[in-house]
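Let me begin by presenting the structure, written as structure tokens, before commenting on it.
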């Protein structure tokens, strides 16, 4: 049996930009994305705390420190300054769950890392 579980998340990131004319995705500061084990092209779920929207997109790495930019159609689901949660899931076998440790990255208002933990 396989279980879909939380793989990692960036908690309470602030949207720094929204680019309707870009071809989809969420641009995330590369250092921040990698601290959450998010790979370029990885599917993520976005939860907008301000308006309750939930939607899926994929990660691209950004060069700007603290950058969180929703692109394409996803740009219509956020406003600059909104607080979001970026979530990735993965599929695990029962045996893999013995060593299950999701990565939780907490950030401040500038999207700088406050803490990284492995507890749900």
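The backbone N, Cα and C atoms fix where each Cβ goes, and this holds for glycine too.
Taken from Swiss-Prot, the feature active site, schiff-base intermediate with substrate covers 25, and the record attributes it to sequence analysis. Long-range Cβ neighbours of residue 25 (active site, schiff-base intermediate with substrate) (same chain, at least 6 residues apart, Cβ-Cβ under 8 Å): 57, 58, 59, 60, 71, 72, 74.
The active site, proton donor feature in Swiss-Prot is assigned to 58. The local packing around residue 58 (active site, proton donor), expressed as other Cβ atoms within 10 Å of its Cβ over all shown chains, amounts to 15.
If you look up Swiss-Prot, you'll see 57, 72, 73, 74 marked as substrate binding site, on the strength of sequence analysis. In this structure, residue 72 (substrate binding site) is part of a helix by DSSP.
Marked as pyruvic acid (Ser) by Swiss-Prot on the basis of sequence analysis: 25.
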Which of these binding-site residues has the least crowded Cβ, counting other Cβ atoms within 10 Å: 73, 74? 73
With every protein chain in view, how many other Cβ atoms are within 10 Å of the Cβ of residue 57 (substrate binding site)? 19
